[in-house]
Amino acid sequence: MFLWLAHFSNWLTGLNIFQYTTFRAVMAALTALAFSLMFGPWTIRRLTALKCGQAVRTDGPQTHLVKNGTPTMGGSLILTAITVSTLLWGNWANPYIWILLGVLLATGALGFYDDWRKVVYKDPNGVSAKFKMVWQSSVAIIASLALFYLAANSANNILIVPFFKQIALPLGVVGFLVLSYLTIVGTSNAVNLTDGLDGLATFPVVLVAAGLAIFAYASGHSQFAQYLQLPYVAGANEVVIFCTAMCGACLGFLWFNAYPAQVFMGDVGALALGAALGTVAVIVRQEFVLVIMGGLFVVEAVSVMLQVGWYKKTKKRIFLMAPIHHHYEQKGWKETQVVVRFWIITIVLVLIGLSTLKIR
């Protein structure tokens, strides 16, 4: 919205600063951060008054029993902060802004309904797996179709392979839709599985969003894209605004979500943030880079799939408990040790992902 002020720069020279992506990206991050910090205490009080307390698994680590009753659904604060900040600082004429907000809020609505059933109706299972998959699939397919249309118009219907500048595989409509669907739905569920310890998913989301913001900035400028051998995606520079808003909102939320957490994000936050990250990766054609940067999310999801699949086949477990962060807790790691060490791993993975900008 503030971008419109740049049109009045003829009357007031200083207003032309609003046309610069870097300025608006920084302001989007600060706005979302301030929003989360300002409304965080109110959100916690409101969730507590509504008795939206998290029910902790009795078969999980015994140290988690003290978390029982901690307010959940705090992800609604994150989504509101991202939406408000993006609308204030983003370009409303850019279709990617609306696709990202649509995916964020649609998957957030699913997570909200799931959380609401768990905490208000005391339904430990929440919505059925079938209902959740249908909802996620519908959102992902609609977003994928919209992105395919935009990608087809800009000749960016390709698959980029990191570290190899000569490999850019044409996907076609089926390949594009399948890859986009798997990226969006897969990342959504992977982040949700990661969100099991205080701050464990929140900071990695910040790191991955920041990394993808750099790719979006480079891809949205033809000269940078050409120099770095990236696909030029017209309008991708506005995706930076969304990514930095996500960073700011999550950092503000982390203030209250850090150990010992005063509030959990719940499915409303985790499902939405994961889907948004996946959508950003599809827009900038960096699905493989997302796998690298979000390696923590990948490992968490794979650990669950391996555990479930192996147990069904052999009645034995590979890990002491899945997702894998609980495995290390059972091995004696303190919760804060698991969280910080997984953060460090994510920092390294994001740096490796960024190195693909030059190592080709």
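Cβ coordinates come from backbone N, Cα and C, glycine included.
What Swiss-Prot annotates here:
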- 24-44: transmembrane segment (TRANSMEM)
- 69-89: transmembrane segment (TRANSMEM)
- 92-112: transmembrane segment (TRANSMEM)
- 133-153: transmembrane segment (TRANSMEM)
- 158-178: transmembrane segment (TRANSMEM)
- 199-219: transmembrane segment (TRANSMEM)
- 239-259: transmembrane segment (TRANSMEM)
- 263-283: transmembrane segment (TRANSMEM)
- 288-308: transmembrane segment (TRANSMEM)
- 337-357: transmembrane segment (TRANSMEM)
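With respect to Cβ pairs under 8 Å, the transmembrane segment (288-308) is most closely packed against 337-357, considering the stretches 24-44, 69-89, 92-112, 239-259, 337-357. The transmembrane segment (69-89) makes no contact with the transmembrane segment (133-153), as judged by fewer than three Cβ pairs under 8 Å among residues 6 or more apart in sequence. If you look at the transmembrane segment (337-357), the same-chain residues 6 or more away from its ends with a CB under 8 A from one of its CBs are 162-163, 197-200, 203-204, 207-208, 210-211, 214-215, 218, 228, 230, 259, 289-290, 292-296, 325, 328-329. Remote same-chain partners of the transmembrane segment (92-112), defined as residues 6 or more beyond its termini with a Cβ less than 8 Å from a stretch Cβ, comprise 1, 3, 73, 75-76, 79, 82-83, 86, 127, 132, 135-136, 139-140, 142-143, 146-147, 150, 184, 188, 192, 235-236, 238-239, 241-242, 266-276, 279-280, 283. Here the transmembrane segment (133-153) has long-range neighbours at 95-96, 99, 102-103, 106-107, 110, 173, 176-177, 180-181, 184-185, 188-189, 233, 271, 275, 279, 282-283, 285, meaning same-chain residues at least 6 beyond its ends whose C-beta is under 8 angstroms from one of its own.
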